[in-house]
Amino acid sequence: MAAGSESPGSAGGEDKLPSRRQSEANKKLKYISLAVLVIQNASLILSIRYVRTLPGDRFFATSAVVMAEVLKVITCLIILLFEKKGNIRDFVALLYDSIVVQYRDTLKLAVPSLIYTLQNNLQYVAISNLPAATFQVTYQLKILTTALFSVLMLRKSLSRVQWVSLLLLFAGVAIVQVQQDSSKQKEAITSSTNQNYAKGLVAVVVSCLSSGFAGVYFEKILKGSSASVWLRNVQLGIFGTVLGLLGMWWNDGAAIAEKGFTFGYTSMVWGVIFNQAFGGLLVAVVVKYADNILKGFATSFSIIVSTVMSIYLFGFHVDLMFTLGAGLVIGAVYMYSLPKAAVPPTSSSSSLSSSSHSSRANGGDSETDAFLPKSPEKEKGS
């Protein structure tokens, strides 16, 4: 009897050990994901700002957008080939069926692709004319536009906390813009290079609007399809490359024909392009180990990192008004990312489990970044 009672206990102890190790591994992956998100968010903004304000020959932003799209498509194709275990025949059949045979489904992605291409170009314009910290704070308006489009297009419901967070977000951005209108800041902004604050502000606002609409539209497509997120990014990238080439020809065609596609490219510029191309795909992979709270915290922390680095790299001036506005934005981002409260159980404990799972799946995950594709989990959840 004693021996029989020992056996289940020892087996239970063996079962608990792997689960503990798995739990510890997941915790580590969460914090690694957090670090990756912070570094990617902050480094992209700071590096674009740095390369666009350096003296000397400027690279063409339109060519950088095209190059990033090409690298993104190549990366997604490699991932799809890896998923097919290197079978070229299955790989080609998948692409032919998904892109050519189902051409109507492919054409649906022309709209978000056009908007993403426009948005990527607008971000270069905005960051070239705004301090990195100001851009980072103002760009969080994409959460507001995404939420509004989600309510209108997807009939999503927002909790009271999320509505309050959106009001705080708008107030915080407004305070930052009032602070930036001071003569001291405007002199500092315009004295270094030929920068236009109003042009940068319009660019970031239009970018936020396009980010909100394209993100929700893309989410709607993902929910109505069984295609993988990597295949969707190939389709997006194909349209993005074509549309980017058209925009490049329209805006910089003559200059690029004279100076070359990679004119002004330095190692730092290549770093920006790789960050823009792979950053979103990298986040799509690692974000499945982090929840919405950590994603919100990462965004908030990246604003702090961008502000601190801007002080040292670009001589950015931080006063009480900017601190107050940025603080409201950081708090709003964190509040918006909090999961919705679970619905009280009605008949059994299983209903509580399903409702809490639904809350985690739907709580604030609709805030899509221009650079960031949807997480594979997003599609599974749909």
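Each residue, glycine too, has its Cβ placed from N, Cα and C.
Taken from TrEMBL, the feature region 'Disordered' applies to 1-20, 342-382. Taken from TrEMBL, the feature transmembrane segment applies to 29-48, 60-82, 163-180, 200-218, 230-250, 262-287, 294-314, 320-338. As annotated by TrEMBL, compositional bias 'Low complexity' applies to 347-359.
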Whether the transmembrane segment (320-338) meets the transmembrane segment (163-180): three or more C-beta pairs under 8 angstroms: yes
Chain residues outside the transmembrane segment (294-314) and at least six past its termini with a C-beta under 8 angstroms from it: 30, 33-34, 37-38, 41-42, 45-46, 49-50, 53, 131-133, 136-137, 140, 287, 326, 329-331, 333-338, 364
Per Cβ pairs under 8 Å, the stretch of 29-48, 200-218, 230-250 packing most closely against the transmembrane segment (60-82): 230-250
